[in-house]
Amino acid sequence: MELPRGRLLAVSDELDEAELAALKFLCRDHVPWKKLEAVRSPHDLFEALQEKGVLETGNLAFLRELLYCMGRIDLLVSHLGSSREQVQRELRAPGGARLPPLRYLLFQLYEDVTERELSSFKLHLAKELPNSKLTRETTMLDILTEMEKRGLLGKDNLSMLKSLCEKINISLWNRIEDGLSLFGQEEMLITEEERGSTGRPEGHLVSSVAADPLGSFNDSSQLLEAYKMTSRPCGVCLIMNNHNFAKAREGVLEHKHMKDRNGTDVDAAALRNVFSKLHFRVEEYRDLTAEGIRETVKSFQNKDHEDKDCFVCCILSHGKKGIIYGVDGHEVPIRELTTAFTAQNCNSLAGKPKVFFIQACQGDAFHKGVTIETDSGEQDSSVERDARLQLDCIPAEPDFLLGMATLQDYVSYRSPREGTWYIQALCQHLEYSCPRGEDVLTILTAVNQEVSKKNCDRGAKKQMPQPSFTLRKRLIFPVN
């Protein structure tokens, strides 16, 4: 019994020229190069796969895998009587996935590359590939195919691809690296310049975990799609830095003991330094009243962010639960600040990550520390009781991240000389981990770990930060 010809013809008729090119690229490990070059339609390709025994008698499993990888779930349902869930089960089974991991990951690279990044690949390959292969119409699949043909790319030869990604966008390489690790094929990551006489670079680890065939098929956070972060500048990093609270002491009786926030300029400098390196345009505003905070936020809400990929807002001030204090001692709800950047209120940031880092206490209690101060605003108070991070501080819609310095019953510390534990740890980890392509939530987890280990000399009180988020994708701050 041969494969149902009618189904193959029906699927073939639904695929366009670009999808045929994608199919041919995905099948390069199963059909000889010359045979593929003669293919003029999807049906020609299906017949070639039949000849090679890949589309077996009465079995459309490989075709289902191909359509699944290309995102044509509609064809799975309408013409093959299958579903996303069925294909996922098939791919989980031992031997269920027939696409080599590297082939699939290279296809993902093609889908991830932006027009600007594609132009950069062409520019960097000008000496390696002829001009006829680097025209305006050349796609990333064309480039990868030509690199393979010329021996510049292969299962055991990833050096040039790695070097290109490092120059253009390191996160592209990191996704390939993460994917191969997920499949238990880390040995493929040894590139030519790293390969020593011993056959393995120092410090290289081989995963002992068996590959999960479904891991790279959009079912793993390791290969979750990342937000686009290729614009230059990437976006605005707004810093609102409140230091002098004389107005609060003079104008609000209950704040007569509210201290100046000595050490906050150390935090602001660290934030300026790291976000400048991450391609953000940093704008700092100092000693804002409550109304000044509102007006500043409104001015950035009304800006056109259409050519930007992200918005970051860092607030350094005194506070209490769900509240930020202006230097006049008046309150601004955190919710009010974040809501200003919803899709309805700031359309040019719709679908883009909005990130808020807030260094401010979120509760009151007493502590008799001398050299260590707090951001609660009250004299000698430091323990952050009732500082539970409220989910309603961020809007009930996607693409928000709120990083708070404190958690319920923990201390928020600020050194007059060295800045706050939270902001200093945040900046250090961003500077160390962003060049390695780590996503922001992974970095914030490392910040949590570091800050939670610190102790105040007096009373061994602790501090525990907490992020809250509605992100839909991995957020990776670029350094290239």
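Cβ coordinates come from backbone N, Cα and C, glycine included.
Feature annotation from TrEMBL assigns domain 'DED' to 3-81, 101-178. The annotation domain 'Caspase family p20' is assigned in TrEMBL to 233-365. Residues or ranges marked as domain 'Caspase family p10' by TrEMBL: 394-477.
Applying DSSP to the domain 'DED' (101-178) sorts its residues as follows: 54 helix, 2 strand, 22 coil. Looking just at the domain 'Caspase family p10' (394-477), the mean pLDDT is 82. Residues in the domain 'Caspase family p20' (233-365) partition by DSSP class (helix H, G, I; strand E, B; coil) as 44 helix, 35 strand, 54 coil.
Shown for the domain 'DED' (3-81): DSSP residue counts in helix, strand and coil, namely 52 helix, 0 strand, 27 coil.
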